[in-house]
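Visitor: Feature table excerpt (Swiss-Prot):
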type	residues	note
BINDING	157, 158, 159, 160, 161, 162, 163, 164	ATP binding site
């Protein structure tokens, strides 16, 4: 047994000295347990991860849980391997922490297989190059930013514009329709949201096909930095061993970066731009490159990415952009209009919005909607200064249509029924394209624009218009 002892504790960073020639490897796990200590009055079961070799047989470790009460001289045992977490069928339907330990108060997990959380990304030759669209039932996403099956999708937005609500709705729509295995990694987010999600999924009956891994806001940075890898490792097992199409939801990638920044400062690394860690791009790459689809199976990931101060050029969101197949940008200006989901259809992009993949009709419909909205955006300055009366008849019609399209891009969500008081709507891609084509063709120019707000397909808009007329 390889035993060392603590020589210093600074917050969550612990320096440990081992015997010469017995120094554990980088990324290997070391443990502080009650049975190894002389003083057994305090219960200890603390896992740390080796982050640096300091020389003189000393290593610098990051704790995965609270270091309160640690003293110099306490014994530390090296496990000789990286943090390993249970994988496979026994983990389904469970709520776990960063170490793969049960956090739902149910019986212990009896898993046959354990995987280390640090694993190489699949080789380029093993990766899949198939392009197929994944239907979500959310109009603005399916039409303007189609998701790639087995791709990486990022939801970018500042505080309070609805990232988590969209992630929840996607879980509701895709996990229920898809019927496959879903993994949810809660990285540094609110405990309340995790609790709500757990109970919602339990009620919806999708929990037995879901694994939930949490490293919440109140946990040390070590746990928040590694919980994304824990969730990913569990998803990789189903992709590689069972050839399954797995869904991976991560909320929030920014907190992963933030935890890395905290740890980096404690390790004494020189900060880079905006105070972030110098290894930001490497850390992001190590996580993102593993989220991929192979010839055996796929991992489709949906990642919420907080944008500090609504600045998309901040290094944390900017670094994530390069790895994604589709970027859904949520706009505060749109949320202020009361249009939810507050997706900016002009700023968001998808790699597969291409006639070769989605078909000519879908592509032309999406580009038609974009061009009307873009023209409206250009005219807004003129409207603000001179008013609507100064516009040509053609531009007046464009503005009227754009306002209808903008409102029609809103949609009532199943997970937000308690807030909106409206039943959620799942709109098929076929209905979405048909509805938008009719608006672009001018078939519904006579309908009032408020009829388009929070509707499903175009038939519901017509019903709303009749109701408004009857009420008037």
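The backbone N, Cα and C atoms fix where each Cβ goes, and this holds for glycine too.
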Visitor: Around the recorded ATP site, report the further residues of that chain (criterion: Cβ within 8 Å of the mean position of the Cβ atoms of 157, 158, 159, 160, 161, 162, 163, 164; site residues excluded), sequence-ordered.
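Guide: After dropping the recorded site residues, what remains is 306, 330, 335, 342.
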Visitor: Tell me the coarse DSSP state (helix, strand, coil) of residue 163 (ATP binding site).
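Guide: Reduced to three states, the DSSP call for residue 163 (ATP binding site) is helix.
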Visitor: Which one of these binding-site residues has the most other Cβ atoms within 10 Å of its own Cβ: 159, 161?
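Guide: When each Cβ's neighbours within 10 Å are tallied, 161 tops the list.
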Visitor: Find, for the listed binding-site residues 157, 158, 160, 162, the residue with the lowest Cβ contact count at a 10 Å cut-off, counting only other Cβ atoms.
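Guide: Among the binding-site residues 157, 158, 160, 162, the sparsest Cβ neighbourhood within 10 Å belongs to 160.
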Visitor: Given a 10 Å Cβ-Cβ cut-off, pick out the one of the binding-site residues 163, 164 that has the most other Cβ atoms nearby.
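Guide: When each Cβ's neighbours within 10 Å are tallied, 163 tops the list.
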Visitor: Helix, strand or coil for residue 157 (ATP binding site)? Use DSSP.
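Guide: Once the DSSP labels are grouped into three classes, residue 157 (ATP binding site) ends up as strand.
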